[in-house]
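Here is the structure we will look at, set down as structure tokens.
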DNA sequence: TTTATTTTATG
DNA sequence: ATAAAATAA
């Protein structure tokens, strides 16, 4: 019997895992391995929150493999050396893995594939992360899409039903091999901020499946409207599970299409599928425009007059001390939980890039380090979208008004109150814009009396800055 | 996945 | 006088 390495990366599941399936179908004995080599993802190596999730997720995968008679071998990078060593130890003749789409990872994997082929080792890569490969969806001219709506129209029409394969009940036994521990590879932070951060989550495939069931049972029926309200669980909150491949997008599509929905719920289902579409679109853009992690997707913005880097403003934004309650609530939710509601991500990002006019890369870097679902494709395209430098088909310069957004999406101020206890004594009506309330300084002495930037003036300044690049060239 | 302003409708 | 709808950016 031949042996194959099953190289896990961000596909930390056993169901609908094409690399695993292919290795089994080929009749190999399978040696599952995870190689810890974060520096190979530079300049976007995983952030602190992401590493905490990864540690928990690896434990979950390891347990799932053990239950099936296998085990997860943990090794330290460099990846090429770790895999070579394991090939020698096991006599493996093949390596199977699932593809990723970040530029640094693509380059490393391509080099590895060449290396293995030269060594006479079969190297097989598969698609586990996306509904469609980034190169499968193209315009009539054969070019990549730059606008979401036509991209999704095209991709949506190609969606097929059908349940992806379940996890195998048993896996071949693994010979005795040395393995690192998760603790050694990903030491717990001190102090243990990871514990409260992960308290609301259950990393791993079982937690992901449970999350999906809860969403389909409860939230999806009101998704279109409730998804925008940050004070409740109106979204699926599957993003960290998707990022680490603990659940596959095909599984999500199969699960939601596998149920019969009342006609009134169908538009909600469609809206949620469209969110998966945004995820596909982000990966499509990152694959075709790999420089977009650091450079404007729209080069017209290369002349945009950003304000000079302002460390005080950046610090206030990061820590939730800007004096704009909905912005501060979001930033504190992020710091405490490693997560931020999508509506609030958009408006905090708008505040940083439009009102403070700080370059979007500063925000992208902070989110990258603090989000448990930090994903290079989604993070990059999300920031570029809000900054106006990315793929946004809107014919205007999008500037969110955080006060209007708070009134519309947190009308009962429940979200803001949860994260800003220093506003407890303020009446509801004053929480949207405390600086307009005569008594705010007395009732909320620990909160900034004024926002760090005037909302109306900074909006006008942002529009004026935008006018300058509109008229240029 | 917006906002601010203007126009129109309603009482 | 106020709100809803339309519109421009």
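Just so it is clear, glycine is given a Cβ too, placed from its N, Cα and C backbone atoms.
Just so you know, TrEMBL annotations are computer predictions that nobody has curated.
FAD binds A:235, A:236, A:237, A:238, A:239, A:272, A:373, A:374, A:375 as TrEMBL records it, and from the list A:223, A:287 the residue named for this site is A:223. Broken down by DSSP into helix, strand and coil, the domain 'Photolyase/cryptochrome alpha/beta' (A:2-131) contains 61 helix, 28 strand, 41 coil. In the three-state DSSP scheme, residue A:238 (FAD binding site) is classed as coil.
Across the residues the record lists as binding FAD (A:223, A:235, A:236, A:237, A:238, A:239, A:272, A:373, A:374, A:375), the two Cα atoms farthest apart are 23 Å from each other. Close to residue A:374 (FAD binding site), meaning Cα to Cα within 10 A, are none of the recorded sites out of A:306, A:360, A:383. Neighbours of residue A:383 (site 'Electron transfer via tryptophanyl radical') among the recorded positions A:223, A:236, A:360, defined as a Cα within 10 Å of its Cα, are A:360.
In this structure, A:306 is the one among the recorded positions A:223, A:272, A:306, A:360, A:383 with the smallest number of other Cβ atoms inside 10 Å of its Cβ.
It is 27 Å from the Cα atom of residue A:236 (FAD binding site) to that of residue A:360 (site 'Electron transfer via tryptophanyl radical'). Nearest by CA distance to residue A:306 (site 'Electron transfer via tryptophanyl radical'), out of the recorded positions A:223, A:238, A:272, A:360, is A:360.
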